[in-house]
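**Q** Annotations for this protein, taken from Swiss-Prot, read as follows:
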DOMAIN    19-91  domain 'RBD'
ZN_FING   98-144  zinc finger
BINDING   CYS112, CYS115, HIS133, CYS136  Zn(2+) 2 binding site
MOD_RES   SER157  phosphoserine
MOD_RES   SER162  phosphoserine
REGION    178-222  region 'Disordered'
MOD_RES   THR181  phosphothreonine
MOD_RES   SER186  phosphoserine
COMPBIAS  210-222  compositional bias 'Polar residues'
REGION    241-287  region 'Disordered'
COMPBIAS  252-265  compositional bias 'Low complexity'
MOD_RES   SER255  phosphoserine
MOD_RES   SER267  phosphoserine
DOMAIN    308-568  domain 'Protein kinase'
MOD_RES   THR316  phosphothreonine
Amino acid sequence: MEPPRGPPASGAEPSRAVGTVKVYLPNKQRTVVTVRDGMSVYDSLDKALKVRGLNQDCCVVYRLIKGRKTVTAWDTAIAPLDGEELIVEVLEDVPLTMHNFVRKTFFSLAFCDFCLKFLFHGFRCQTCGYKFHQHCSSKVPTVCVDMSTNRRQFYHSIQDLSGGSRQQEVPSNLSVNELLTPQGPSPFTQQRDQEHFSFPAPANPPLQRIRSTSTPNVHMVSTTAPMDSSLMQFTAQSFSTDAAGRGGDGAPRGSPSPASVSSGRKSPHSKLPAEQRERKSLADEKKKVKNLGYRDSGYYWEVPPSEVQLLKRIGTGSFGTVFRGRWHGDVAVKVLKVAQPTAEQAQAFKNEMQVLRKTRHVNILLFMGFMTRPGFAIITQWCEGSSLYHHLHVADTRFDMVQLIDVARQTAQGMDYLHAKNIIHRDLKSNNIFLHEGLTVKIGDFGLATVKTRWSGAQPLEQPSGSVLWMAAEVIRMQDPNPYSFQSDVYAYGVVLYELMTGSLPYSHIGSRDQIIFMVGRGYLSPDLSKIFSNCPKAMRRLLTDCLKFQREERPLFPQILATIELLQRSLPKIERSASEPSLHRTQADELPACLLSAARLVP
């Protein structure tokens, strides 16, 4: 016989406390309860279980005697157990889980499930759907119920009830569909009690849309209509009666034996139509998610060549030709110099595009898409302004020192962003820095390690590529397997600073390209710092010298460079604009009475 699950029918009042019992609860929790004469284990643990969202119907209690667990009935008197230890475990049939809280902003109308007040910023359990304010978190039970798992348990429970072998008394006015859906006001509905845990109702909505955030795509659970607590208690009781009773080995009551399962439940082939429909819909939803999830993300960024119109050739660089084009507006299309790309090159190029498509910064040219047919091409925003090289060395634009320092700051800011994204430019120079709409710096032609590497078949060759004047010594020597680093970009930035602070290119007195490569690679040649403008601040001169160091370990990184320039900008003297005041356009004499003026003239 199974021990009774309810409280003992005793009218005796509990007497004084006689001791304590230590109780180990689920989820690695523990408590100490007071032992009183005339009280049972059921009564003593009632409060400790309810504050944790549990009840006696879904748990089993053991006595811990010499390290071994012995099942104990709930109606056992607590007084003889003074000084002992009890263990409470959740029945295996009851699918209780831990909460999965996420911070959420509720843009639709929502209310806290505890204080019932309006909720905008709060938390939500992805498993059971409970939502609450931060200051209401102490009222949330430590365990929750996955309602999708409960629905399957409900189906099996009702199927067993309809089999006749272990029938329970089901309320006659409730059908199967009514049992599985939230009920409105009825004789069985109880009002929410703040001390009792009320599970949210399963709404079973269709699969939510694929969101662009990293939040898991889970079924949203509505909590507007709380589930009838009497139904939950009834179902939990049906779970507990699924067991055939504990044997002599002290097995818990809630653990059904294989014999009891096979004798009480029907064949697995005879399933309810509702359960079959649910499993079919879940399978269809999984297929939809799989089809959407495994699509290559580059699919949405590759532009068909038929949609792009090339208008005018702008110029040719080291790695490609730039055209002005039309694709939903003016764009810049750079057709890269890659003849007959191999499969390895194509895959490496697409991998780089997945990195570049995530770049968004005010000082970086906006990446808009790419093309792989008939050749590699990159589509970026169109910049109306000219390059920094054109301003300094062709148009001979005159900038004051404050403007030059601001251009240097914006360039360092854009490079700092690229390095934070682990993108090495590899070809930073004044030709790839554009002044857009005034003095807004836009850095282009960044990344593209696939295109900027010499290939021999499927293997990259270790040869220097790029513009000689902006190459660091280690890039020219090519002694390392991969000489390109953050510090090599810093050296190129130092040459750009040299152009800004002198208005000329380095090594202009040497006409041989091979001689420049040899002498810079050996460390015999460096930019002439005597040409720097006389009004250049000393801090900028020191920064330029540090960026052009021969040893790359001695060069600063862009976070330090940016901080130095920003500090320099704040220290520069500025002409503060005076506050505007009205001008009366009259002299002080106009305000004096005429009699006073005549009297003043008579005074000797």
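Using N, Cα and C of the backbone, Cβ positions are placed for all residues, glycine too.
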**Q** Other than CYS112, CYS115, HIS133, CYS136, which residues of the same chain sit close to Zn(2+) 2? List them in sequence order, counting a residue when its Cβ is within 8 Å of the Cβ centroid of the site.
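**A** The surrounding set, listed in chain order, is ASP113, PHE114, LEU116, LYS117, LEU119, GLY122, PHE132, HIS135, LYS139.
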**Q** Compile a sequence-ordered list of residues in the same chain as CYS136 (Zn(2+) 2 binding site), six or more apart from it, whose Cβ lies below 8 A from its Cβ; state 'none' when nothing qualifies.
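**A** Once residues fewer than 6 apart are set aside, CYS136 (Zn(2+) 2 binding site) is near CYS112, PHE114, CYS115.
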**Q** What mean pLDDT score does the domain 'Protein kinase' (308-568) have in the model?
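**A** Averaged over the domain 'Protein kinase' (308-568), the predicted model reaches a pLDDT of 85.
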**Q** Report the same-chain neighbours of HIS133 (Zn(2+) 2 binding site): residues 6+ apart in sequence with Cβ closer than 8 Å to its Cβ, ordered by sequence.
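**A** Looking at Cβ-Cβ distances below 8 Å from HIS133 (Zn(2+) 2 binding site), excluding near sequence neighbours, one finds CYS112, PHE114, CYS115, LYS117, LEU119, GLY122, PHE123.
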**Q** Using DSSP, how many residues in the zinc finger (98-144) fall into helix, strand and coil?
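**A** So the counts come to 6 helix, 17 strand, 24 coil.
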**Q** Work out, from DSSP, the number of helix, strand and coil residues along the domain 'RBD' (19-91).
**A** 15 helix, 35 strand, 23 coil
**Q** What are the non-local neighbours of THR316 (phosphothreonine), defined as same-chain residues 6+ apart in sequence with CB under 8 A from its CB?
**A** VAL322
**Q** Taking the Cβ of CYS112 (Zn(2+) 2 binding site) as the centre, how many other Cβ atoms fall within a 10 Å radius?
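**A** Around the Cβ of CYS112 (Zn(2+) 2 binding site), 20 other Cβ atoms lie within 10 Å.
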